[in-house]
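*Asks:* As annotated by TrEMBL, UTP binding site applies to Lys121, Gln184, Gly216, Asp247, Lys390. Annotation comment: TrEMBL describes His217 as substrate binding site.
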Amino acid sequence: DFRRAMSQAGTSQFQEVIRQELEYSMKVELDKILATAPSNELEHTKKDLEGFKKLFHRFLQEKGPSVDWGKIQRPPEDSIQPYEKIKARGLPDNIASVLNKLVVVKLNGGLGTSMGCKGPKSLIGVRNENTFLDLTVQQIEHLNKTYNTDVPLVLMNSFNTDEDTKKILQKYSHSRVKIYTFNQSRYPRINKETLLPIAKDVSYSGENTECWYPPGHGDIYASFYNSGLLDNLIGEGKEYIFVSNIDNLGATVDLYILNHLMNPPNGKRCEFVMEVTNKTRADVKGGTLTQYENKLRLVEIAQVPKAHVDEFKSVSKFKIFNTNNLWIALSAIKRLQEKNAIDMEIIVNPKTLDGGLNVIQLETAVGAAIKSFENSLGINVPRSRFLPVKTTSDLLLVMSNLYSLNAGSLTMSEKREFPTVPLVKLGSSFTKVQDYLRRFESIPDMLELDHLTVSGDVTFGKNVSLKGTVIIIANHGDRIDIPAGALLENKIVSGNLRILDH
């Protein structure tokens, strides 16, 4: 035992030496990069690299999955409230005064590359020529006009989306919404083998574009605080932010949740509310809320030990997942940020660059900070508040007659008999937005659709109706053109346009 203890001590000492050497080497490289910053970018770059250094330090300290599976418990009953209970409280007469304490924040750092588009994802057209950003501005403008309020919109951009977004913002200069932006940090990608940055200087254009990355939406706390905007909004009397992904079309301002925050039934305000919703088979990878060391904690699939991944995915044990619609007290962000007390697990995101080089990105997720806030709460909201558009399959749903558009908000059509969303899987020929648009002369009638799978070279004529389960598979080298006006109900269409009953 003594010998084993000695060898373990030796191993941990050895690991400590290696850790210190890696940190020193990283510091040397970051200093070299900082030395290339022009004077007008120096302060900003310094803050970014300091933040990165802290993250790298923690990355070297932590090993293996970051949760002890044995400590994970189901959250206590009252820590996740049903939305119906929140809604049943009704609304106060002075809803305007409650709304005037709110700021809407949209996470706008992502590019549309996964859907074959250049530039910010928020500028992709999703409905009647309206982009994600158009719909967001319309929603808030409608609120401000209806209640005579001043709810501002804040966009957290990344260095990838900032310039294009700012250009487009000019078109809203006459709308009744104040729009602010701030940039999230810019961190260097790390070579997987050497654990050193691949960037040699601060530039991020031309051949250097692949050297840098925005470190996930958990960066919101530090960059919002560092931008000075947090203090300005607190100075204007704002108290809560409602944060969501700009591509989640269900994430509209909910007056009942806001009222619950501002006028809590027990008099004790929540600093952090996470909207969760019931899992379906499609959501098994979504992060879930658990009780961990007497705190609500978000557990993501990447943190789960391999032996327990199937258990984590089980819909019966973990019934809900995080929608990333979050309501957070501004004063709490300021307090925790100043104490350096926001604790988020590190997500290690491996990437392979175009030239084949393997790199890692260290990221954090905004919801992971829930355990750092006081009196946190989960609210189990209807599925309609989670309507993300990640793929063209999602785009087909929101463009169709399943939804009607009113003042920037999409709601499920009353003509649909059951409120679930059909399962749509479009094949690789539809991945890019321009290919997808070319393959539909008009968006089919999908009011009675349950399931659609399309694979291969398939095009749709005008006024097609899809009902029940429809599967269309064009084999390699074949092409299927669904004729205009066709009604497909429980059909399998395969190879050479044979239409079979499903």
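Every residue gets a Cβ built from N, Cα and C, even glycine.
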*Asks:* Rounded to the nearest angstrom, how far is the Cα of Lys390 (UTP binding site) from the Cα of His217 (substrate binding site)?
*Replies:* 16
*Asks:* Just to verify: the residue among Lys121, His217, Lys390 with the fewest other Cβ atoms within 10 Å, which of the binding-site residues is it?
*Replies:* Lys390
*Asks:* Would you count the other CB atoms within 10 A of the CB of Asp247 (UTP binding site), including those on all shown protein chains?
*Replies:* 22
*Asks:* The record lists Lys121, Gln184, Gly216, Asp247, Lys390 as binding UTP. What's the largest Cα to Cα distance among them, in Å, rounded to a whole number?
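*Replies:* Value for the max Cα separation, rounded to a whole number: 21 Å.
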*Asks:* Which residues of the same chain, at least 6 positions away in sequence, have a Cβ lying under 8 Å from the Cβ of Gly216 (UTP binding site)?
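*Replies:* Set apart from Gly216 (UTP binding site) by at least 6 residues yet with Cβ under 8 Å, we have Ile347, Asn349, Glu363, Thr364, Ala365, Val366.
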